2 protein chains.
Amino acid sequence: MASEHTAKAFDTDLQELTRLVAEMGGIAERMIVDSVDALIRRDVALGQRVVTTDAELDTLQKKIEERAVLTIARRQPMAIDLREIVGAMRVATDLERIGDLAKNMGKRVAALETDFHPLKLFRGLEHMTDLVQQQVKSVLDAYAAHDLPAAMAVWKGDEEVDAICTSLFRELLTYMMEDPRNISFCIHLMFCAKNIERIGDHATNIAETVFYMIEGQAITDKRPKGDMTTFATTIPNT
Amino acid sequence: MASEHTAKAFDTDLQELTRLVAEMGGIAERMIVDSVDALIRRDVALGQRVVTTDAELDTLQKKIEERAVLTIARRQPMAIDLREIVGAMRVATDLERIGDLAKNMGKRVAALETDFHPLKLFRGLEHMTDLVQQQVKSVLDAYAAHDLPAAMAVWKGDEEVDAICTSLFRELLTYMMEDPRNISFCIHLMFCAKNIERIGDHATNIAETVFYMIEGQAITDKRPKGDMTTFATTIPNT
């Protein structure tokens, strides 16, 4: 009887944790979209709103960690139940970092007040963002539904994002070489592109957490990796 | 009798966790120094070694998380004991991120093979690194010794790092405007400088964890913040 009570109490705790993670996910997704929208539309107020919102994610992450730890201490879950709790903590950590990266983009909006505003560059950024936001959405759905194939699809699917990032870096470099007045603007966009790419990395981290929760072990396969941006800026020298 | 046994078993678990965190700290400190040394001395092999070493940090972090969770489930610690375990997990997360940032710098060494190598820029980077490495060291010592004043000194002390970063960004911009051939090199250094600054941010995160462990609550004061690098690159336009 007591153990049945414990099992029910555990389920309630876990549901609450999953609900909090979903809440974080919703906020993080919104922040990604808003920060890039703010960049494209030069909407300083929206950028500032993203910066302010980040505190909500930080608070939720701490709350999830606290509740997770209390649940473990009180219910002493084993095996798969324990992994569910650890999984919630890990996903919360990734979402908190996604928030930091969006916040950093939000901060840059004010610095991009310039007449130089090539639409082509922004389209690249927008396209990257669409893909990454879709990855974040898909992997959070996969997490909620315990859908391993869907999580693995995200895990394998960030090559396109990396390719766009690399080509965007090349283009930005060209603009910088053409006219020194473009430099500061392009640097900001480079940091933003890198942030979006890193948000994609966090989506794959979450996919790995889903794998761990379901399979009970860390993923061992090597992930396909198309990111060459660390090297893209050497091109003019070669 | 049983509770005395539990208390002893808990202490042994906690000691093992603290030992693992110290091991991570040693590796992370080494990675910071090596990655910047590799940049300055253009030592591609050393840079590659930093990249490889990062996997050790990832493994240790997962191990710490696993053991922490098992300790909570088995020993059901309360209050301060629970905070010690949560603290170990949080510090491990920050050290893992520090490793990622150093790894990113290690990757860039190969891309910096150029004749343009102004010593002044590297001195700035070196100076930043010295300060940040000292912060990481101090805060890990404060964590091990439960020394709240020492942790708070780190928490308050990253203004100098941020100031150097801002002035380094300005200088890099000047070099880029002067000669387009310097651009790709300078961009790499900007990303590296930003990484070092972020490592400093993780040191202050760890200081906050020490505060939480000892005081039992999150720090509420506003930290002094001197970072203007998000805006430093607007200077040429104003």
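Each residue, glycine too, has its Cβ placed from N, Cα and C.
TrEMBL annotations:
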{"type": "DOMAIN", "residues": "A:22-109", "note": "domain 'PhoU'"}
{"type": "DOMAIN", "residues": "A:125-210", "note": "domain 'PhoU'"}
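Break the domain 'PhoU' (A:22-109) down by DSSP state and the numbers are 83 helix, 0 strand, 5 coil. The helix, strand and coil residue counts that DSSP assigns across the domain 'PhoU' (A:125-210) are 81 helix, 0 strand, 5 coil. Mean model confidence for the domain 'PhoU' (A:22-109) is a pLDDT of 93.
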